[in-house]
Amino acid sequence: MENIKLACSLETNQTYIIAVSGGVDSMALLHYLVAQKIKLQVVHFNHLTNSNTWKNKELVKNYCLQNSLGFHYFELNCPQKNFQAQARLLRQQKLMQIAAKHRTPFILTAHHLDDLAETILQKISRSSTLLGYSGMQIQTSWTDFIFLKPFLYIPKAKIISYAAFYKIPFLEDYTNQKLTYQRNQIRHQVIPYLKTQTSFLQNIQKYQQTLLQAYNFIRKQTLLFLTKHTNHSCNQPNSIALAPFLNLDLVIQKDIILLLLEQKNITQSFIFIQNIIKGINNPYKPNLSWHLNSDWHLIKDYKHIKLMNPALPLPFALTKPLLCVSTCNLCLVCVCPLIETLNYNSQKVSFPLKVRLRQPKDTLKFSFGTKKLKKFLIEKKVPLTQRNNLWLVVDNLDNILFIPQLYTNLTLGNQFRIYLAFKNFFTSSNCFSQTN
């Protein structure tokens with residue numbers, strides 16, 4: 001019997017959790033690892049799809065007893081709608097539960113080269129990302145756990161030959177023959193034909209490895225860019241500088257957006273990602289927002305790209321600031337280092353002064369006339385997400401006197417002088433454009 005060569009090395013001093021269905025693939029992997037004296041904890045799932053599933057349980061359980069292996073059994077009652085995806089998620093959860101119990105991060109499954117081919121063809125038929133088109137990886141991480149596929153580059157035929165040579169007991173799952181599932185159609189109709197025409201499985205392995213190399217290079221460039229151009233300041237947490245982003249190749253831009261979504265466990269379609277990239281690169285739409293899910297929006301403004309939770313208050317609008325007014329500027333230094341001077345004539349300012357948020361019809365006064373605050377903010381390139389959260393200083397007649405870092409009314413005369421400062425006011429030189 002030709003030796004089996006695993007896709008990844010396993011250590012004899014480490015414990016591994018292995019999912020075993022009772023089929024030929026998982027029973028062959030279990031047999032091989034037992035022979036290699038790998039420490040194992042076996043997990044078997046009963047999907048309750050037919051009355052004969054107890055036979056698989058007894059087969060796996062007896063094999064574990066004969067080889068002094070830990071055996072863990074779960075019954076999964078999944079809804080028929082989207083059955084396969086729901087079952088996969090439940091299996092992952094239970095496997096991680098057992099791994100945590102035995103204090104090991106390693107979880108093994110018996111996916112093989114034919115499985116890889118099926119997955120790649122499925123991804124091509126449905127569209128995917130570059131990583132998705134590569135099908136499966138030998139190693140993937142999920143929270144604190146590492147899923148390994150030691151048989152990933154071994155053809156199914158070789159596994160069957162191995163099982164026959166060592167007389168390994170196994171049971172076939174009849175659902176693998178049902179052509180109602182696309183995967184089974186690919187398995188029984190498409191792949192057998194392709195195998196007769198080319199060295200299909202060997203080419204699948206080369207294809208997967210080529211895509212993974214390209215993906216790894218692109219992701220490396222993505223991480224380098226984010227390390228250099230991600231803003232971690234309190235007013236723009238985890239925002240990405242827009243200008244250098246626009247200079248990137250489109251494939252890197254797309255991977256950056258994909259990574260942002262991955263970090264929030266957000267899945268979106270290829271077309272949706274394309275629309276985001278198109279919008280970010282549109283110079284005529286400086287303020288855009290994309291609804292990703294109930295918790296997150298992706299925001300583009302004049303200078304940044306960022307994920308934002310619409311349910312959370314913006315950092316610069318947490319609390320209403322306290323306005324401090326004095327005729328002595330030194331008296332306000334301890335309140336705020338940013339002190340504004342306001343000159344005025346008594347007939348042009350009506351006290352007391354107040355602080356309020358921006359309103360739709362607000363108008364600013366200049367020496368040349370008036371201008372709508374909305375237009376002024378657009379010209380100053382104030383991000384849309386910040387415009388409705390601006391604190392304004394107004395007099396008792398609601399005339400706008402001062403907007404921190406943006407505007408001071410210079411049409412009030414020079415008879416008197418006062419100094420203004422905000423206590424508990426969020427300030428940052430990066431908040432707004434400083435153009436005149």
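In case you wondered, yes, glycine gets a Cβ from its N, Cα and C as well.
Here's what Swiss-Prot has on this protein:
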- S21, G22, G23, V24, D25, S26: ATP binding site (BINDING)
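A Cβ within 8 Å of the Cβ centre of S21, G22, G23, V24, D25, S26, the residues given for ATP, is found for these other residues of the same chain: V20, M27, A28, A110, F170, L171, D173. Considering other CB atoms within 10 Å as the measure, the emptiest surroundings among the binding-site residues G23, S26 are those of G23. Around V24 (ATP binding site), the C-beta neighbours below 8 angstroms that are at least 6 residues distant in the chain are I159, I160, A163, I168, F170, E172. All protein chains shown were included, and the count of other CB atoms within 10 Å of the CB of D25 (ATP binding site) stands at 22.
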